[in-house]
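Please see the structure below; I have some questions.
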Amino acid sequence: MQTLILPADAQGIATACEWLTLGQPVAIPTETVYGLAADARNGEAVARIYAAKGRPSFNPLIVHVPGLAEAERYVHLGDQARLLAEAFWPGPLTMILPLRDDSGIASITTAGLRTLGVRIPSHPAALAILRAFDGPLAAPSANPSGRISATSAAHVADEVTGLGGRIPAVVDAGACSVGVESTIIGWSEAGEPALLRPGGLPAEAIEAVLGCALLRPELNPEAPTSPGQLSSHYAPAVPVRLDAETALPGETYLAFGPGALTLSASRDLTEAAANLFDLLRRADELGRPIAVAPIPEEGLGVAINDRLRRAAAPRP
Ligand code: TXA
Ligand code: MG
């Protein structure tokens with residue numbers, strides 16, 4: 001199969017919708033990373049996402065919708081979820097919410113769970129595709145399972161490190177502005193909000209709107225966890241060493257501050273997040289072990305460090 005690169009114009013979007021209607025997965029841009037989308041109500045279409053990614057089937061997928069009214073067809077929003085939706089949607093926030101009995105979402109989408117991860121992306125092309133398709137799109141990041149997430153159509157279409165040859169099409173809208181996946185929030189049995197995955201929306205911003213601290217599952221074993229939080233993830237082919245003040249002989253150095261390969265020359269965490277996956281890919285292509293500079297553990301730095309720790313974790 002040849003992977004078509006479609007422009008993000010009316011014709012490209014119409015072609016993408018034709019594939020989606022046929023039950024074929026299509027990669028689409030979002031402000032966080034490219035997603036591999038399929039109709040969340042069509043179990044076979046969603047199965048093709050898992051097959052193209054080589055993803056373990058116990059891992060549930062996020063569903064994308066164009067607006068709050070559409071979200072409410074699939075999930076029940078509590079008061080806190082509604083506050084967060086008003087504050088941060090469209091944008092890089094995913095909320096895990098109780099699935100409605102009449103949702104029509106295929107069980108493979110949620111991997112059999114009675115909850116659903118939902119998000120309204122802010123990328124204009126993603127919203128245009130969602131409106132044109134007129135249905136919920138399940139979309140995990142558009143990379144082979146366990147590999148570096150894709151922040152451009154070229155990453156997606158790469159035949160070696162991406163999904164090139166495994167999917168019919170990718171809609172090309174250039175580089176993603178946020179560059180790391182959405183922040184995921186869920187609620188405990190007792191109704192307490194929990195941070196399930198740090199991401200493109202800093203946890204502090206969520207806490208400011210809720211007026212309370214989020215549970216951190218890694219600090220609190222009672223809190224709910226996200227089944228997708230496997231420790232080795234986002235992995236380049238070469239080894240990765242973190243918190244490196246300088247490179248050792250033979251290593252490629254990813255700087256934070258001035259440097260040849262830098263996440264941000266001005267030490268800006270937003271710029272570093274947007275550059276992260278592209279730089280990891282470029283460093284990986286050089287074939288030498290990668291040493292990464294220390295990144296401050298604050299704001300978007302929390303999501304960047306989370307992805308870097310997974311990239312550096314022992315491989316399964
Ligand atoms: O920014 C993003 O979120 C991107 C773009 C494409 O929207 N999507 C993305 O999806 O990162 P994915 O599938 O790579 O990550 C989704 C995470 C997984 O770790 C999964 O386990 C968790 O969300 N998740 C999804 N549904 C869940 C549920 N019902 N309960 C708990 N965790 C869930
Ligand atoms: Mg992913």
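Backbone N, Cα and C atoms are what each Cβ position is placed from, and that goes for glycine too.
TrEMBL entries are annotated by machine, without manual review.
From TrEMBL, here are the annotated features:
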type    : residues                                             : note
DOMAIN  : 10-201                                               : domain 'YrdC-like'
BINDING : THR32, HIS64, ARG119, ALA139, SER182                 : L-threonine binding site
BINDING : ARG55, ASN59, THR115, SER141, SER149, ARG197, TYR234 : ATP binding site
Note the mean pLDDT of the domain 'YrdC-like' (10-201), expressed as a whole number.
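Averaged over the domain 'YrdC-like' (10-201), per-residue pLDDT gives 95.
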Fill in the CA-CA distance, ARG119 (L-threonine binding site) to SER141 (ATP binding site), as an integer in Å.
13
Within 10 angstroms of the C-beta of TYR234 (ATP binding site), what count of other C-beta atoms is obtained when all protein chains are considered?
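The Cβ of TYR234 (ATP binding site) has 24 Cβ neighbours within 10 Å.
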Starting from each candidate's C-beta and looking 10 angstroms out, tell me which of the binding-site residues THR32, ASN59, THR115, SER149, SER182 has the most other C-beta atoms.
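Within the set of binding-site residues, the most crowded position is THR32.
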Based on Cα distances to SER182 (L-threonine binding site), point out the closest of the binding-site residues ARG55, ASN59, THR115, SER141, ARG197.
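That would be ARG197, nearest by Cα distance.
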An 8 Å radius from the center of the THR32, HIS64, ARG119, ALA139, SER182 Cβ atoms defines the neighbourhood of the L-threonine site; name the other residues of that chain inside it, in order.
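In sequence order, the nearby non-listed residues are THR30, GLY35, ILE62, PRO92, THR94, PRO121, ALA126, GLU181.
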Could you give the Cα-Cα distance between ALA139 (L-threonine binding site) and ARG55 (ATP binding site), in whole Å?
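ALA139 (L-threonine binding site) and ARG55 (ATP binding site) have their Cα atoms 12 Å apart.
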